[in-house]
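Undergrad: Heads up, here are the entries from TrEMBL:
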- B:20-40: transmembrane segment (TRANSMEM)
- B:52-69: transmembrane segment (TRANSMEM)
- B:89-112: transmembrane segment (TRANSMEM)
- B:124-141: transmembrane segment (TRANSMEM)
- B:144-215: domain 'NADH:quinone oxidoreductase/Mrp antiporter transmembrane' (DOMAIN)
- B:147-167: transmembrane segment (TRANSMEM)
- B:179-202: transmembrane segment (TRANSMEM)
- B:274-295: transmembrane segment (TRANSMEM)
- B:278-495: domain 'NADH:quinone oxidoreductase/Mrp antiporter transmembrane' (DOMAIN)
- B:315-334: transmembrane segment (TRANSMEM)
- B:346-364: transmembrane segment (TRANSMEM)
- B:399-420: transmembrane segment (TRANSMEM)
- B:448-470: transmembrane segment (TRANSMEM)
- B:527-550: transmembrane segment (TRANSMEM)
Amino acid sequence: MNSNTLFIIFSSLLVFCAFMVIVSKHPVFSLLFLVGCFIFSSFLLFLLECEFLALLFIVIYVGAIAVLFLFAIMMLDTKSINLSKNALKYIPIGFVFFIFFLIPLLNLVSDHFNTNFLANSFYFNKYQNWYDMVDSVSDVEVYGHVLYSYFVLHFLIAGFTLLLVLIGVVYLTNNFNKSQILEQSISKQLSRNSSFFFDKFDGK
Amino acid sequence: MTNLMVNNLYNVVSLQSFTVFPEYFITLSIIYILIVITLITYNSNGLMLQKAVSECMALTLFMACYLILNDDLTSASYFMDILSFSNAVIYDSLASFTRFWLCFFSGLYFLFVADSLKEQKLTSFEYLIIILFSVLGLLIMCSSNDLLLTYLAIELSSLALYVLASFKKTSSYSVESGIKYFITGAVSSAFFLLGSSFIYGFTGSINFFDFYRMYNASIYDYVMVQWFPGIGYLPSFFFESWLFSFSFRASYARLIEVYDLTFDDLLFGYTIDYFNFVEIGLTLILFSLFIKLAAAPFHLWSLDVYEGSPTSSTIFFAVITKLSILVVLIRLCHMAFFEIKEWWDFYFLSIGVFSIFVGSFGGLKQRKLKTLLAYSSTSHMGYILIAMGSDTFTGVQMALVYMIIYMISSLCVWSILLFLRLKRKNITTKYNKELGDLALLRKSNIPLSLALSLTMFSIAGIPPLVGFLAKLGVFLPLIINSYYLPALASIVFSVVSTFYYIRLIKVLYFENILVGKLYYPINSEKTIILSVLIFALIFLFCNPTLLYLACYKISLALFVDPVTYSSLPIDYPFNK
C-alpha cells in the first residue's frame, strides 16, 4: 500500500523529468532534469530493494557522467537553438516510431510478466514475511561479503590497477616545464613594501 | 619457541598466501620503491636516479626468482596442483616454471636498459615502476585459474604497456603508437569479456577446472553426488582406485551416447545443445589472446607500435609479454577445454600458418630494423601456435621450449640494437636504425657483430645453434599427429624467412662500402650478460635435454585433476 503510493509518486516524477529533458530549451536545464531522472529511477530501484544498483546509479550517473556532460556543455557554450519551431514537422514521423516501438514492448511485457489472477481474490495469501523484515541482509552487505571473502585477490588487483593508472595519467598529462611553474619565494614577499606597489601606478 | 613462532606465522599469514609469495614480494617492493623515490625526488629536481632504480628492480626480480626456486611447494607442484584463493589461483609446475623465467628475463631486461635510459631521454623513475607493474600483471597471469583473474591480470599488464608505448611525450611517433596500442588493446579486452560472458552464461562458472570437469564428467562423479551429497567430490580418488578401477574417463558427450544416462540435468542442469555457445565464447577469448600475441591477421598494430615506441619499451613488448599469454592459452586449451580440441585446433593451425606466412613474406622488403623484428616475432608466434594446435603433449612441451629459446635469442637481438649508440656530435640522434646502419660493424666492433650474427643464425634455424632444435621440435608434434599440410607449409615459409635473417649477416660482414658508422663500445657488465646468453644458444644445442625435460614434466602435470588426482583422460594420444 505504502510502497505502491511511493512507486506512483516517483514514477510520475520520473516521467515528468524525462519529458522536461526534451522540452526545456536551455541545455543546462535539460541536463538538470536528466539528473532528476537518474535520482528518481534510483529511488524506484530502492523500492525494489536493489540498494546496490540504486547507489551505483547515483554515484556513477549523477556523480560522474552527468557532471561530465555539464562541464562539456558549459565549456562548449552553445547558443540555444530554437527547436520548438520544427517540432510540429517531426510529430507525425515521431508518432509512427512511437507506435512501432510501443507495440513490441507491450507484447514483451504482457508475455513475460503475468499477473497472478488470484491476486485480487480472497484466497490470495497476503502474509507478511516477518523473518525477512527483522533479520534481513541488504544487497550492499551481500556484495561486500562476497567481494571480501571470495574475490579478495581480484579486488586487490583492481585497486592496484587503479594505482598504476593514477601514476600513468599523472605522468602523461603533467608537463614538467619549469618556466611555467609559479613559485612562491618568501624572501621576495617579505621585502615588498608599499613603494613597490605604488611605483607601478606612477608609471615609473 | 619455534613451534610458537610457526603458530604465530600461521595466524598472520594464511596458508593460501604461500602460493602467491613472489607476487606479494613484488607488490610490496613496488609500493616501497614508489614511496621512497617520491620522497627522495620531492625537493630535488633533475636527479638522475634511473640507473640505481633499474638495478634495484633487477635485484627485486632476482630475489623473486630465488623465492620461486626455494619454495617447497615447487617440488610438490610436479605431482599435484594447489588451488588457493577460492580456486582462483593455481600453483602447479607450469606456473612456477614460467614465473621463474619471467622474473629472470625481466631482471636481465632491467640490467640491459639501465644505462640506455639516459641516452633515450627517459629519465623519470615512473618508467621503471610502470614496467614492474606490468611484470606483476604478467606473473599473476601465469598462475591464474579463473577467467576473471586472467582478465584483471591482462588489464594490469597491458595498461602499463600503453603508458610505456607513449612514454616519450615529445615524440609524436611515441604518442601515436601508444594510442594505437590502447585502441587494439581495448578491442582485445572487449573480445575477452564477451567470450567470458558467453562461457559464464552457459556453464555458470568462471573457473578453468570447472570447465575441465564439465567435459570430463565420469560415472563416479555421479555416484559421489548421489550417495554422498554432503561430501561432494572430495574422496572420489578413493573410489576411483577401489570401486571403478578401470576409470572410464570418457568425455561427457560420449557418456550420454554410450550409457544413455539422464543425469546431465541433475549434475549440470542443461543439455548438450548449449555447448555451441561455449565454443563461440572460447573462440572470442582465443581471438583476444591472439591480438595480444600479435599473430597474423591481428598483427597490424605490432608493426607501428614496435617502430614508434621507445626502444627500451619495444624490447619489453617483444620479449617479456608473450610468455604469459602463452600460459593462458595452454591453460584454456590444453587444460580447461581440451575435450573440444576439434573446435580450437583449427584456429591454432590456420592462424599459426598464416602468421608464419605473413612474418616470412612481410619482412622481405623491410629495411627498418624494428619493423623487421616485429615481422620476425609474428612468425615466431606462428610456430608456437602450430605447435599448440597439434593438441598433443609434445605440442605443449615444444611450444614452451620454443618460447624460452625465443626469449633468449630475441633478448640478444633487441639488446644489441639498444646498445648501438652512434658516435656523433651535435647531430640529433636517430633512435630507430635501418638495415644499412649496421654495415661495417665487423670492423668497428668485432665481438658485437659476431654475437649478432650468431643470434641471427640461431633465429633462422641453422644447425649448430639451438634455434634449429626449436624449429625441429615444433614440426615434430605436427607430424606425429599427421598434420602434414601445416607442417609442410610452415617449413617452406621458414626457408623464405631465412632470407632476411641471412641478409642481416650479409650487411654486417660482406657489404661493399668503405665508410661505416661508428658506435660507442659497450661496458663490461652488459658484455658478460650478453656473452652468457649467446653461450646458452650454443650450449642448449649440445645439451637440449635440460629444457626438454623440464617442459616435458610440465606438460605431463597439466592434466592432473586437483580434486581426484587422477591424471589423464583415457583417450589421450600418448605415443602415436
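Quick reminder: no glycine exception, Cβ is built from N, Cα and C everywhere.
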Undergrad: Report, as numbers and ranges, every residue of the chain located at least six residues beyond the transmembrane segment (B:179-202) whose Cβ falls under 8 Å of a Cβ in that stretch; write 'none' if there are none.
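TA: Contacts of the transmembrane segment (B:179-202) (Cβ under 8 Å, skipping residues fewer than 6 from its ends): 147-148, 151, 154-155, 158, 161-162, 165-166, 211, 270, 274-275, 277-278, 280-289, 291-292, 298, 301, 304-305, 308-309.
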Undergrad: Should anything in the same chain at least six residues away from the transmembrane segment (B:527-550) have a Cβ under 8 Å from its Cβ atoms, list it; otherwise answer none.
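TA: Same-chain residues near the transmembrane segment (B:527-550) but 6 or more away: 97, 108, 111-112, 397, 401, 404-405, 408-409, 411-412, 415-416, 447, 451, 454-455, 458, 463-469, 473.
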Undergrad: Please work out the helix, strand and coil residue numbers for the domain 'NADH:quinone oxidoreductase/Mrp antiporter transmembrane' (B:144-215) from the DSSP assignment.
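TA: When I sort the residues of the domain 'NADH:quinone oxidoreductase/Mrp antiporter transmembrane' (B:144-215) into the three classes, I find 59 helix, 3 strand, 10 coil.
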Undergrad: Can you work out whether the transmembrane segment (B:124-141) touches the transmembrane segment (B:20-40), with the criterion being 3+ CB pairs under 8 Å where the paired residues are 6 or more apart along the chain?
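TA: Contact between the transmembrane segment (B:20-40) and the transmembrane segment (B:124-141): present, because at least 3 Cβ pairs are under 8 Å.
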Undergrad: Select the range from B:147-167, B:274-295, B:399-420, B:448-470 that forms the most Cβ-Cβ pairs under 8 Å with the transmembrane segment (B:346-364).
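TA: The stretch I would name here is B:274-295.
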Undergrad: Do any residues of this chain, six or more beyond the ends of the transmembrane segment (B:89-112), have a C-beta under 8 angstroms from a C-beta of it, and if so which?
TA: 16, 19-20, 22, 54-55, 57-59, 61-62, 64-65, 68-69, 71, 73-74, 77-78, 81-83, 128, 131, 135, 138-139, 142-146, 149, 208-209, 315-316, 319-320, 323-324, 327, 330-331, 400, 404, 407, 411, 415, 418, 525-526, 529, 533, 550-551, 553-554, 557-558, 560, 562
Undergrad: Six or more residues beyond either end and a Cβ under 8 Å away: which residues meet both conditions relative to the transmembrane segment (B:274-295)?
TA: 147, 154, 158, 184-185, 187-192, 194-199, 201-203, 301-302, 321-322, 325-326, 328-329, 332-333, 337, 340, 343-344, 347, 351-352, 354-355, 374, 377-378, 381-382, 385
Undergrad: So what's near the transmembrane segment (B:147-167) in sequence-distant terms, Cβ-Cβ under 8 Å and 6+ beyond its ends?
TA: 88-89, 122, 127, 130-131, 133-138, 140-141, 174-175, 177-179, 181-182, 185, 188-189, 192-193, 196, 199-200, 206-208, 285, 292, 305, 308-310, 313, 316-317, 321, 324, 328
